[in-house]
């Protein structure tokens, strides 16, 4: 795949060290055109189109033969809890509130920063292997998560999950954790990692604390990452307590803005959807998690689409999915919408692809999610010899409906090659460290590993 004069062995570690001027030749694009792609040492696409190689071959440090591959934008996971990879398979087939209160929250009480580091390392590895180059993360010990993300080379928006249940001292501590994270992320001096404030949900963070979160987001110009209308019980309880829907409550407290990413939205009303459109909120669809936890209703994509809401895609955490494969999530989203709302044309393949790429970039506040001049070189190369990609009548259809993570051959983020020929440096070390960390977490909780 690579020009022998540059990188002969497919596992040459020099390939992964830094971003270098790179030329990808003769690669297929989703619109079935053949193209060359040239990006510079800053990781910015300089130009793409036919016959570019003829003029720029001598300027490239690395030349990749793309003739057997399909190039697509890197996938963007707009809602997850990355370090919950350590909880994969720990608690399944339970009611949501029982799952949270009896299993997840008690185990999370034993988490340390080292657990979060290894869980996030494992998450980044899994995401890279399946073509994801950016994610929006809400969890704990996020400085340790930042260390893992920086080592992995992908993009992330990191936030400390705020849960207060009205406790003022708790809110003070949670805000301090967020402030520390924001300052820490800025000190890293990298454009790949940014921060957000994350009030968990209107049922775990009361109005007076939601207002604090909204004010801090406005002050620091950072994303608000939250859960919204995931279950009917959440909506009913909010109506009973406050006389309004969770969406209306978030709006009243200032938490609905163009910087808000609201996950789930399964039980949004039509009025809620109009409100989200007016406030230019992005909604992250998490169909696998929603179906596994039996939320009872699919996110009303048709209402959101009709109102012009930006809808993106997320996996949620591995304890409720149980993987981070965005290609699988893309297919599930399309099928879930068609089935639940009884519409064979709802959420077609092209929209599912946008949901996992360019619409996700918009939600996270950066230009990207497309392969074109001036955009970040966030590129995934899919093997056209993989059985699920044959035949290739419609590349977009294959990406949305037949592909899964194993079709991904090469992953590039901001020009840096993170996976090449399915090889990622230190993969065995990461898996061993994560396995040991998961066992340690259970031992700390007094659970037999």
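Even glycines carry a Cβ here, placed using N, Cα and C.
What Swiss-Prot records for the substrate site is 108, 200, 316, and among 172, 179, 220, 230 the residue it adds there is 230. According to Swiss-Prot, 79, 81, 316 bind Zn(2+); the candidate from 183, 184, 227 that the record adds to this site is 227. For the substrate site listed in the record, the two most distant Cα atoms among 108, 200, 230, 316 lie 21 Å apart. In this structure, 200 is the one among the binding-site residues 79, 81, 200, 227 with the smallest number of other Cβ atoms inside 10 Å of its Cβ.
Each of the binding-site residues 108, 230 was scored by the number of other CB atoms within 10 Å of its CB, and the largest score is that of 230. Among the binding-site residues 79, 81, 227, the ones whose Cα is located within 10 Å of the Cα of residue 200 (substrate binding site) are 227. For residue 108 (substrate binding site), the nearest neighbour among the listed binding-site residues (79, 81, 227, 316), judged by C-alpha distance, is 81.
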